[in-house]
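Asks: Here you go, one structure.
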């Protein structure tokens with residue numbers, strides 16, 4: 001007798017393939033990229049181009065060695081998304097070889113070495129960023145001074161940006177300055193008021209520039225929420241915990257601690273909360289787990305910013321919580337319908 005085969009129902013939502021999700025995340029970064037390019041010049045766009053080429057070539061090379069279909073796996077846009085995230089995170093005037101190192105390490109070692117998309121335990125973009133931050137700390141702290149460019153109109157031209165990135169001319173140093181987080185971190189014994197009045201990177205124009213950048217990435221994050229690509233749990237937990245812990249320390253010592261507003265509107269707070277911490281592969285899966293995961297990231301960001309050796313703590317905060325994500329998921333998974341929660345211990349009665 002012939003067997004009747006019935007396939008499982010098609011439950012995938014139309015347009016919700018991996019490639020569509022990755023592409024939507026990339027498109028959601030456009031407002032932030034546009035603002036960064038307006039404030040910092042062509043450097044961000046050049047970084048994105050270098051990062052994209054490096055990511056695609058690295059992915060293709062590893063897939064070829066693994067005897068996998070290059071065209072099939074490149075079409076999921078995951079390598080391109082890693083390139084975009086790193087191109088955004090790196091300083092606009094960083095030498096080209098720093099970008100190549102970060103992206104190649106992210107794609108080859110942090111992603112493909114574990115088996116490709118879905119198997120990597122750590123966020124590839126943040127692994128690449130952390131590697132170059134530790135290995136090349138000087139170029140990683142040279143950000144173009146947005147305050148001078150906006151006020152004087154001395155924006156780096158395309159040729160100047162290309163020369164700075166590919167030849168790293170010494171003259172580029174006249175255009176660079178520390179970020180507000182870096183300036184506040186190294187204010188030494190100055191009070192908060194004195195630091196904001198005397199340190200160039202803490203002046204109003206530069207602070208407003210970072211406010212615009214964070215606002216643009218907040219807009220992109222809201223787009224991802226509206227498209228239901230991410231849920232609110234992780235970004236809200238990150239920003240809330242960062243606000244609460246910074247607010248507590250500001251109330252304790254307002255002369256030396258920064259306000260919650262400063263922590264939310266400078267650095268990569270919005271970009272990290274909506275585009276980095278929400279990585280579906282390396283973050284938690286349950287809603288309760290996402291809240292715990294995001295809270296841990298927010299606390300670690302403040303701890304690293306305040307007492308760590310680096311001005312921003314997004315990368316290390318995310319990577320440290322990637323370690324904890326499986327454990328958090330284990331203890332926060334919802335109860336399966338029809339099953340009771342396991343008891344803490346079992347009592348074994350002996351028969352008399």
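Cβ coordinates come from backbone N, Cα and C, glycine included.
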Asks: Choose the correct range: of 237-257, 258-278, which one does TrEMBL annotate as transmembrane segment? Give that range.
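Replies: Going through 237-257, 258-278 one by one, TrEMBL flags 258-278 as transmembrane segment.
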Asks: With the ranges 126-145, 146-165 to choose from, which does TrEMBL describe as transmembrane segment?
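Replies: From TrEMBL, the annotated transmembrane segment range turns out to be 126-145.
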Asks: Would you mind checking how many other C-beta atoms are within 10 angstroms of the C-beta on residue 179 (FMN phosphoryl threonine)?
Replies: 23
Asks: Any idea what DSSP makes of residue 179 (FMN phosphoryl threonine), helix, strand or coil?
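Replies: In the DSSP reduction, residue 179 (FMN phosphoryl threonine) maps to coil.
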Asks: Would you kindly check 20-39, 70-90, 290-308 and say which stretch has the most C-beta pairs under 8 angstroms to the transmembrane segment (207-227)?
Replies: 20-39
